[in-house]
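For reference, the structure is listed below as structure tokens.
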Ligand code: RTP
């Protein structure tokens, strides 16, 4: 089953949005496979965002990610990478539809509350980076009520 990496950024944690965000993924029917609240080192944030290292906003982005604890999660389910990005909304909250997390809870692109993997391949890499330990393996008893 497909998995994605979701991170609630420091603004989302500070603003008390953790429960709301988890609730949206749970209510959709996705299955929580990994969860931790952590402070990340600068070098770790730079590694996570290595693809963006040439961008003018890179330093500000790294400062933002290391400014407080983040919630790192693995979510599992059919098409969870694409659907997770839809639940999150467009990168710039000015373009995120109402009903999405960024559309409902963010204004500035540099404080957009949440990250979600943009492809199955990125998800695999990000899960390996953020969860080097094996996440707990369990099956939701709801599975037959979510999938036919
Ligand atoms: P994310 O990786 O956080 O899920 O975001 P994304 O794929 O939707 O967007 P991406 O282009 O990968 O950008 C990563 C994060 O960088 C910050 N950003 N700031 N100031 C700016 O112009 C700017 N552009 C991007 C955002 O926090 C974005 O989520």
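Just so it is clear, glycine is given a Cβ too, placed from its N, Cα and C backbone atoms.
For the ATP site that TrEMBL gives as 9, 57, 85, 91, 112, the extra residue drawn from 15, 102 is 102. Among the recorded positions listed (9, 85, 91, 102, 112, 115), 91, 112, 115 have a CB atom closer than 6 Å to some atom of ligand 1, in sequence order.
Taking a C-beta cut-off of under 8 Å and a sequence gap of six or more, residue 115 (active site, pros-phosphohistidine intermediate) has these contacts in its own chain: 5, 6, 7, 9.
For the binding-site residues listed here (91, 112), the lowest count of other CB atoms within 10 A around the CB belongs to 91.
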